[in-house]
Number of protein chains: 2
Amino acid sequence: MTAFSYDLLSTDGTARRGRLHTAWGVVETPVFMPVGTAATVKGMMPESVKSTGASIILANTYHLMLRPGAERVGRLGGVRKMMGWDGPLLTDSGGFQVMSLGPLRKLDEDGVTFKSHLDGSKHRLTPERSTEIQHLLDATITMAFDECTPFPAEKTVAADSMRLSMRWAKRSRDAFVPREGYGQFGIVQGSVFADLRAESVAALGDIGFEGYAIGGLAVGEGQEAMFEALEFTTPLMQTDKPRYLMGVGKPSDLVGGVARGVDMFDCVLPTRSGRTGQGFTRRGPINIKNARHAEDNRPIDEACSCPACSRFSRAYLHHLFKADEVQGLMLLSWHNIQYYQDLMADMRAAIEAGTFAQFEKNFHAMQSLGDIDPLDP
Amino acid sequence: MTAFSYDLLSTDGTARRGRLHTAWGVVETPVFMPVGTAATVKGMMPESVKSTGASIILANTYHLMLRPGAERVGRLGGVRKMMGWDGPLLTDSGGFQVMSLGPLRKLDEDGVTFKSHLDGSKHRLTPERSTEIQHLLDATITMAFDECTPFPAEKTVAADSMRLSMRWAKRSRDAFVPREGYGQFGIVQGSVFADLRAESVAALGDIGFEGYAIGGLAVGEGQEAMFEALEFTTPLMQTDKPRYLMGVGKPSDLVGGVARGVDMFDCVLPTRSGRTGQGFTRRGPINIKNARHAEDNRPIDEACSCPACSRFSRAYLHHLFKADEVQGLMLLSWHNIQYYQDLMADMRAAIEAGTFAQFEKNFHAMQSLGDIDPLDP
């Protein structure tokens, strides 16, 4: 078996090119992890996800504990085996989803009691139970259970919330059952307050994890504030451990995150957009339902190698979305995941070549060009 | 280019083993054609359809003329090119769907005026326009425009309806633009009346088509009456032309149809069932949403080679359906199409071996066994 470890291969400014070794495969970083909330990346076969270059995916503790249930997934051999995913898997702790339930949840020092959004049934998550569930799900990377501090938050509220998360991080670590090639990440909180983020980084470092996530961002603070928070947080983090920015983001968020020293990302955006008709391209996003695509025989993105682009036209995809055909979301989700993976691969190559600043400039220039007019290609 | 032709390779009783040559590939018969109503076999990539052994698919004139529109499909290169289907394509004439609209349609000697189920807009189909549309769709096999006689029908009504369809068949033939490797089929009507079916067969034979379909069955008359109608119809039909039973059917309908000399079938059942949770197996159908599959690690059908069966458990499929995940319908539709193609391949092999009677007996014995109890496998 392989030990869980991270190699920092090279840097370019603050951007990092690394390699994560796990029991279930190697992850080249910076990496984007497609989200398979309920043990399926919506609308995609696992080998289709793999074919895009994705090396690690994410699944959600909250959804899977409710349905089909953590113990059941455990009896079925874990998420990877159940869904046929040939690679490492990261699970969140359930904390973020539970906090999103608002009045349906009640928090105390020990944990959180909440009602299921599915049937109103009562459930409880504590650091110990979240860690146990993630073990049952057979997560290659387990996340510490935390409170995702709402935004905006008064500093005293943010401090109390962060310190609770740090006490929970210790309990999560104590509950974690080490296995060769498996790891657990702590989550830095502290909202947009630099001193709180610093206190959180230090507290987690004292506990000691295989990696560290940055939580509580991409919750409404905006890209500028998020980048600012990264700028005062990542320099404090250990250089020999992977850094994961949770729930992020748009293509420009990924580029800005990598520029600021982030190694790992996850987001539902490429698949969610794929279901609603938004396709990401090297010249910015397009809405495939727009009438101007109705007879456009070009692919979504000429430079993309995915099946949607190499074998089907915008006109056909437009038709599939207009007719509410499931193949529309299958193809556009596939394309968007491919786009995200290509973007990460390009960033890895740029860091290796020492040309990341140029890459970033070109990326923004291309994105701002906008889509080519089909009448004047 | 290949001429459109049919070779009768061998017979076993009244069952026929044949081969259809078309411009876009060979079709081994008896054959089942998956339905791609709106230029997509719902929930399946075209190469997934192909991988099951499917050699020809069907698309619907009614749906495509309304959305995206026949002229538009024509400009996009036809249905095959637009949807990336590498094989022959059969289109229906629109007659059946238009008749199903009930009060939304008005029939006269020249054709049918109807309102779109999508937006209420007014449209007209005549034998000439239906044939022109199918040409625009680039159908490898075009169907004559007919009135699908409702069931039950008084004999005089059935006779009038059939004779109108025969006049329309002549006009459809006159409107057909012959192309090398392309063909047009006439449709036998006459409800459940043997003399009317005989009159229809003769009328179509006088016009002369590349193949003949049996229409107006599977419309509520029941399997026994359908088989009886086949028994007095197929013996009258030319032996050197393919025979197509439209819109049929359940697995036992296919076996009984082949036994009675039918060569071609189409039906939405495998994909529609795949969307609602019904899976076909060699021991009869199962409902994957049933709680008894929740922790069943076995495949849907042990003898099936499709991805759903070779790589995923009933438990996972059960979870996907419970969670309303699109991958559930993707996998179960794929399985059902594979089951249908395997059934046809088994029938072709049995006819070749001269063991079709034994095959039919075994098929019914296996189907009646029912699913294996997961608690006592």
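The backbone N, Cα and C atoms fix where each Cβ goes, glycine too.
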Could you look at B:H293, B:H335, B:H364 and say which one TrEMBL places alongside B:C304, B:C306, B:C309 in the Zn(2+) site?
B:H335
Under TrEMBL, the annotation region 'RNA binding' belongs to which of these stretches: B:128-134, B:219-225, B:247-253?
B:247-253
Of B:D138, B:D146, B:D160, B:D263, which one shares the substrate site with B:D92, B:S93, B:G94, B:G95, B:F96, B:Q189, B:G216 in TrEMBL?
B:D146
Binding-site residues compared (B:G94, B:G95, B:G216) - highest count of Cβ atoms within 10 Å:
B:G216
Assigned conformation of B:D266 (active site, nucleophile) - DSSP reduced to three states:
strand
For B:D146 (substrate binding site), identify the closest of the recorded positions B:D92, B:C304, B:C306, B:C309, B:H335, judging by Cα separation.
B:D92
Would you identify the secondary structure of B:F96 (substrate binding site) according to DSSP, in three states?
helix
8 Å Cβ shell about B:D92, B:S93, B:G94, B:G95, B:F96, B:D146, B:Q189, B:G216 centroid, substrate site members excluded:
B:M99, B:M143, B:A144, B:F145, B:E147, B:C148, B:S165, B:I187, B:G215, B:M246
Any idea which of the binding-site residues B:C304, B:C306, B:C309 has the thinnest Cβ neighbourhood at 10 Å?
B:C304
With an 8 Å cut-off on Cβ distance to the B:C304, B:C306, B:C309, B:H335 Cβ center, who else from the chain surrounds the Zn(2+) site?
B:P299, B:I300, B:D301, B:S305, B:P307, B:A308, B:S310, B:W334, B:Q338, B:Y339
For the region 'RNA binding' (B:247-253), provide the mean pLDDT of the predicted model.
98
Hey, which of the recorded positions B:D146, B:D266 is the loneliest by Cβ count within 10 Å?
B:D266
What counts of helix, strand and coil residues does DSSP assign across the region 'RNA binding' (B:271-275)?
5 helix, 0 strand, 0 coil
